[in-house]
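Feature list (source: TrEMBL):
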BINDING   14-16, 35, 63-64, 90, 156, 160, 186-191  NAD(+) binding site
ACT_SITE  156  active site, proton acceptor
Ligand SMILES: NC(=O)C1=CN([C@@H]2O[C@H](COP(=O)(O)OP(=O)(O)OC[C@H]3O[C@@H](n4cnc5c(N)ncnc54)[C@H](O)[C@@H]3O)[C@@H](O)[C@H]2O)C=CC1
Ligand SMILES: CC(=O)C(C)=O
């Protein structure tokens, strides 16, 4: 009998998170699809897609900016799916605003969703791994904006730099328990998030809708927009035994935009 392996993916109702859920299901993981309550229908569709791949799945509604929600989601995944092996802190939001206009409320919101959630996710997952005696893997969403600050994405860039810092620190703290902590740094991915960015940039700089997206895509060495599947290839590696000797890293998967 093969051992059950369970991965939890936050923000898995759409976009990159959905792509990660399907890829990890293809890799043999049962999947906890986590997203906000208003995404329940989309989340249930992802659950059905995972089941069509022959894996078990369930939707768990949670707001990742709330610690109790994340702890409860991890608990539900472990109990209902029978194990807990990989935590993917993928959920995030973007804000597209000049730095001089960002409000205190907006700053608190983006840090609560993009940063606090990653700390809570690391806390909840490491506690569960230790309880189950697992050498688990924690994987979080960074961005090219975690490596270089982007204008008009100042608060977003700051939040993703924070994810990089937390990843490096947590990797060192959790290494003695055999838990690895890494992050993926996508570039320009064709999801709902870039629809928001393109719309807001259009409102700010007056370029026609689609133009800001096109200019960014034109700067990608590999010459095309990134897909959730492109990101999923890297996350699949980080979730697999092939990455057992990799920790504290932020892996760029951007088609050639930034170079380290
Ligand atoms: N789209 C892009 O070009 C890039 C995206 N990323 C990062 O990848 C991650 C996923 O992004 P996309 O799929 O593109 O975005 P998206 O906007 O298409 O999907 C984000 C998902 O997160 C969920 N979510 C938002 N707030 C939440 C909360 N408080 N609790 C639970 N779920 C919540 C949304 O409901 C949605 O399903 C984000 O962390 C983003 O910052 C990083 C680099 C590039
Ligand atoms: C959404 C995002 O991370 C960028 C840099 O476009």
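Using the three backbone atoms N, Cα and C, a Cβ is placed for every residue, glycine included.
TrEMBL entries are annotated by machine, without manual review.
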Where the criterion is a Cβ under 6 Å from an atom of ligand 1, which of the binding-site residues 14, 16, 63, 160, 189 meet it? 14, 16, 63, 189
Quick one: among the recorded positions 156, 160, 187, which has the most Cβ atoms sitting within 10 Å of its own Cβ? 160
Taking all protein chains shown into account, the Cβ-based neighbour count within 10 Å for residue 16 (NAD(+) binding site) is 29
For residue 16 (NAD(+) binding site): DSSP state (helix, strand, coil): helix
Could you state the CA-to-CA distance between residue 191 (NAD(+) binding site) and residue 156 (active site, proton acceptor) to the nearest Å? 16
In angstrom units, rounded to an integer, how far apart are the Cα atoms of residue 187 (NAD(+) binding site) and residue 156 (active site, proton acceptor)? 14
Among 14, 90, 191, the most crowded of the binding-site residues [Cβ within 10 Å]: 90
Name the residues of the same chain, 6+ apart in sequence, whose Cβ is under 8 Å from the Cβ of residue 63 (NAD(+) binding site)? 36, 69
Filter the binding-site residues 14, 16, 63, 90, 160, 189 down to those with CB closer than 6 A to an atom of ligand 2; keep them in sequence order. none
